Every structure is written in structure tokens, then in C-alpha cells.
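See below for the structure under consideration.
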Amino acid sequence: MRQFGALLFLLGGLGALADVCEVPEVDSKLVERLGQRLLPWMDWLSLEHLNPSIYVGLRLSSLQAGAREAFYLHILKLNYQQRLLGLAVDDDSSNNQAKPSMGQLALYLLALRANWSNHKGHPRTSYYQYGLGILALCVHQKRLHDSVVGKLLYAVEHDQHLQQDHLSVDTVAMAGLAFTCLEQSNLNPNQIHRITQAISTVRQKILKAQTSKGHFGNVYSTPLALQLLMNSSMPGEKLGRACLKARAALLASMQDGAFKNVLIISQLLPVLNGKSYVDLISPDCKAPRVLLQPAVETPSQTQELISVMLKVPHALQPYRHRISVPAGASLEDVLKKAQELTGFTYETQNSLSGPYLTSVMGKEAGKRKFWQLLQAPDTPLLEGIADYTPKDGQTIELRLVSW
């Protein structure tokens, strides 16, 4: 079996640096704790909580959820088949409730492939989701027209993957995974030279985006970046050194409990098992996986309160209030408490990576605008409202910005 690696997780000794990115076995307890965070989500079977990424991440990991895993796939199939059937018979383009997003559909195709199944779809939208869609169809060995692949190639060749003048590591990594699948499958031979060059371009961009701490972009974009680098090789020691540096940063983040978002965990678990989404081209159906058991949590005896300042300076009605919540509460809990006590208003929309703000104090995010979360004065939060845990005395600002 072809074994890919992504990090050098050996704490003692650097070993020989190679031109590939390798990962020896990681502490199984750390991996198990990550997997246990996914189990509660597998019991939430409503439309807004179903997430195909959970199933894909587990199937490419060294872990399994037993009968719960099979039942989750069954519910995914029922849900998506029903929604796709609804699209086939409903010509009303305004009926958004029935439409799976391109990202959801692409991940559903990956989930089917992870169960060694077949399916097909037609993805269209942002470059991240566009790349994910091409990848999903590629692992099913569905050939796309050269013009479809060419659009993603053009985006990488002309840097159309920037967000607020910064490189989107997640987007280029997803594009790189799609190109890697296309290269290995040779589905678009007329584009193979451009595909190979694009993979090299993406790899160089990701390596250049490595921070002084070792992350590629940031801690949460590192798992997807490593999935791409796991499938790479290059002359010299640059790649090996970069992965060694990332190993220290990622291991420290795992030990600190930084990974709470189910989508990011689902992208990280395959890396810790030496796998990537590209492995779904020829999945190893017989690889042993350890059965996950729910984590045993000891309830806190005391309920300490913290104070968080919430401010929205540029709303239709500027807002500034101090909100008290239990220690360990999420930013979403702060928003709910503010809505309950102070007349604060907001609306959210669910996505595969969790809920995000669509309206604050009556002001909606426009077509190319979004509500950014910041620790005042100007430090962007790397997590969403459901995952970020404010600290006592912090000031959190919600700011409408363009991208």
C-alpha cells in the first residue's frame, strides 16, 4: 500500500531530512481525543447539522465509529437523494432550502467514495468549492471537460485565490489536491503540462506561506495544506524541513486542544493516518481502524462567570455592552446572551464549517461583504462564533468588511 506522510512527529532527533513530507506514528491518545470530538455530531441528524466531512475524515483515519458510522452514511444518503430529487422536479430557482451547496455536494461525493460507492454531480461556485468539486468527481474517475479544469488552472496561474490581499492557503491547497488527483488519474491528458506546473506553483505558495511558528497560513489551514504536501516531492531538503517545523506547531496545537471545529478535525485525521483525499482514488478498504468510545467528561463543580465586551461600532445602531457568561462559553453563547438581555440582534447561516453571521443589528452582509470577528482593536479571530472561546476581559468587535 502506498503510504504518504505529512509531518515528522518524532520528538527526539531530527533524523535524515528528505525531499518528501513524512509522518511516523502519532500518539494514539491525541488522535483518539480528536476523533471523540466528532462522535456527538454523529447523533445530530437534522439537515442543518449533517456534515459529510465527518464521515470522510473517519474513513481516512485510523479510527472508526462502528454501527454509528454506517447509520450516519445511511442518513446522509437519504437526505441528499431526497434533496437532489427535489432539485430534479422543482424548477423554482428561488427555493434555496432544497439545494445542497456545491461544497456539501462535493463532500457527499467524497463520502460515497469513502464507502467505495459511485455517484456524480455538477459543482459550481467559489474557487475553494470549485476545486473540491473537481476533486470529488476525479476520485470517482469522472472526466471533466478541459475548459472546466482550465478555469481552476487559470485561477492558480493568475492568483485568483486571494482574500483581502492575503493568500488563501485552504483554497490553493484544495486546488492542488484536485490537480494531484487529475495528474495521477490522467483524466485530462491535453492539460497535463499545465496541471503539473500548477501543482508545483501551489506547493511553492504553501511553503512560502509558512509562518515563524510553523503553520501554513494558520493553524486551521495547516491540515489541508499538509494533505497536499503529503503527495509532493521536490529536490533538496526544503520540503522536509518545512514539514518538520509544521510538526512541532501542529503537535503543540493538538496538545493545547486547539482543534474543535468538526470540518478541520475531519481534514486533520487523515493526515495523522498518512492519508489525503487523493487516496480515495484507490481506497484501502481493509485497513484496520480502532473503534472510538465516547469521552468521559467530569462536570465542573463551580460555574465561574467571565465578562466580555461586545461592540459593533459601524452598525445602523452602534452597539457596545459588557456581557457576562460562564467560563468556557463560546462566542455564539455571548451573542445569544446579548440578544436575550440587551436588544442585540443577529442572524446566522449554517455551513460545513459551522454557523456564520449574515446580519448584525439589522445590517446584512452584502454580496462581497462579511461580518469579521476581531479581538479589539484589530486582531482577526481564526475561529467561528461556535468555536471561539472568549477570555475574561476581552473586547470582541464585529466588523462588516469587503473581500
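Cβ atoms here come from the backbone N, Cα and C positions, even for glycine.
If you look up TrEMBL, you'll see 125-129, Asp170, Asn218, Gln267, 356-357, 371-373, Leu381, Trp403 marked as cyanocob(III)alamin binding site. According to TrEMBL, the feature disulfide bond maps to Cys21-Cys243, Cys138-Cys181. According to TrEMBL, the signal peptide annotation covers 1-18.
Overlay of TrEMBL annotations on the structure.
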| residue | record | contacts (Cβ under 8 Å, 6+ apart) |
| --- | --- | --- |
| Cys138 | disulfide bond | Leu144, Ala178, Cys181, Leu182, Ser185, Leu187, Ile281 |
| Asn218 | cyanocob(III)alamin binding site | Val169, Thr211, Leu382 |
| Tyr356 | cyanocob(III)alamin binding site | Thr348, Gln349, Phe370, Trp371, Gly384, Ile385 |
| Leu373 | cyanocob(III)alamin binding site | Leu331, Leu357, Pro380, Leu381, Gly384, Ile385, Tyr388, Ile396, Glu397, Leu398 |
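Its Cβ taken as reference, Cys181 (disulfide bond) is surrounded by 25 other Cβ atoms within 10 Å in the chains shown. Cβ-based neighbour count (10 Å, all protein chains) for Trp371 (cyanocob(III)alamin binding site) stands at 20. For Cys21 (disulfide bond) paired with Gln129 (cyanocob(III)alamin binding site), the C-alpha to C-alpha distance reads 26 Å.
Minimal Cβ crowding within 10 Å, among the disulfide-bonded residues Cys21, Cys243, is found at Cys21.
Cα of Gln129 (cyanocob(III)alamin binding site) to Cα of Cys243 (disulfide bond): a distance of 26 Å.
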